[in-house]
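In what follows, a single structure is set out as structure tokens and then discussed.
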Amino acid sequence: MATSVKKLLAGLSGEVFKVPPVWMMRQAGRHLPEYLETRARSKDFLDFCYTPSLASEATLQPIRRYGMDGAILFADILLILDAMGLKVAFEKGEGPLVEQINGPSDLARVSPQKAADRLSPVYETVSRVKAALPAQTTLIGFAGSPWTVSLYAIEGRGKTDKSTAWRWAHGRPDDLAAVMDLVAEATAEYLARQVEAGAEALMLFDSWAEGLPDNIFREVVIAPTRKLVALLRERGITVPIIGFPRGAGVMLPEYVRETGVTAVGLDTAASPAFINAELAKGFPVQGHLDPLLLIEGGARLDARVRELLDAYRGRPHIFNLGHGVRPETPIAHVERVLELIRNA
């Protein structure tokens, strides 16, 4: 089959490769010594994300080291809440802390209209990265999906059992929908501006999709994602959109059918047999090596990489992880995975 300069972009458009395109979630991060050096130049994590010279450098580091086919913008899914007017902080040992929304009256202090303008440093980061990337590398913009971002605002923190947001889904669906609508509106403009700045594909992270009852999954994951995708298309955004409903399980085929995403990210628990049986052969999939196995390395890592390559041979497949690269991951193990893929 004909090749393309931008292999990842071609894969998202349905092209099949003997050697699939590859990148890794959280490829720019604490497993890289150069990242730690760059991170030390900022006063805190938000400052790091909002400083284009630093965020662009972090985005480019794994491209220089590994030659990944995709460069994903270095940012955080909670920037949108910060820009909308909810105070966000990242405390060591606590994870993210967010100014909590307790009810409809709190929405008065949230401004989706102003959020996109406040995120202008992110668009500058995108432009800087685009100008510096090799011609064959696809630039991926991203945001959190409405459910996951709203959950942080409702819970007020990242370390949570999610019960408050789940109770809203069951008992206060109209209030939850109001929050998610505001998030979707702000996120659509945010992502559209990323594309205008140079992003060639987009990814929607629904990190808290796991474990939801099927009816609630439809209401808080599928419906808001469908709305967000529609808002982007209405704005004339035509780039591929990768949906990543982590932990969707048996709801994944319905998510693919109903949301309008171009491709789907698979989590660590996904079964290749299930994916190949339930998703159309021409639908692009991305994933899904276990990041903990990437830490361990050895013969089992080699075997799993080959197993995933074989399982998705003949369909559009972007090799990735089922979750992000962890800080303790040896660089040599990442290099080994890339060697196996590139010699497939």
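A Cβ is built for glycine as well, from the same backbone N, Cα and C atoms used for every other residue.
The annotation substrate binding site is assigned in Swiss-Prot to Arg26, Gln27, Ala28, Gly29, Arg30, Asp76, Tyr152, Ser207, His323. Summarising the annotation, Swiss-Prot assigns site 'Transition state stabilizer' to Asp76.
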Between Arg30 (substrate binding site) and Asp76 (site 'Transition state stabilizer'), how far is it from one CA atom to the other, in Å? 15
Cβ-Cβ under 8 Å from His323 (substrate binding site), same chain, 6 or more residues apart: which ones? Met25, Arg246, Asp267, Thr268, Asp290, Pro291
Just name the most isolated of the binding-site residues Arg26, Arg30, going by other Cβ atoms within 10 Å of its Cβ. Arg30
Mapped onto three states, the DSSP assignment of Tyr152 (substrate binding site) reads helix
May I ask for the distance between Asp76 (site 'Transition state stabilizer') and Tyr152 (substrate binding site), taken between their Cα atoms and rounded to an integer number of Å? 13
Find, among the recorded positions listed as Ala28, Asp76, the one whose Cβ has the highest number of other Cβ atoms within 10 Å in the structure shown. Ala28
Between the two most separated Cα atoms in Arg26, Gln27, Ala28, Gly29, Arg30, Asp76, Tyr152, Ser207, His323, the residues recorded as binding substrate, what distance in Å do you get? 23
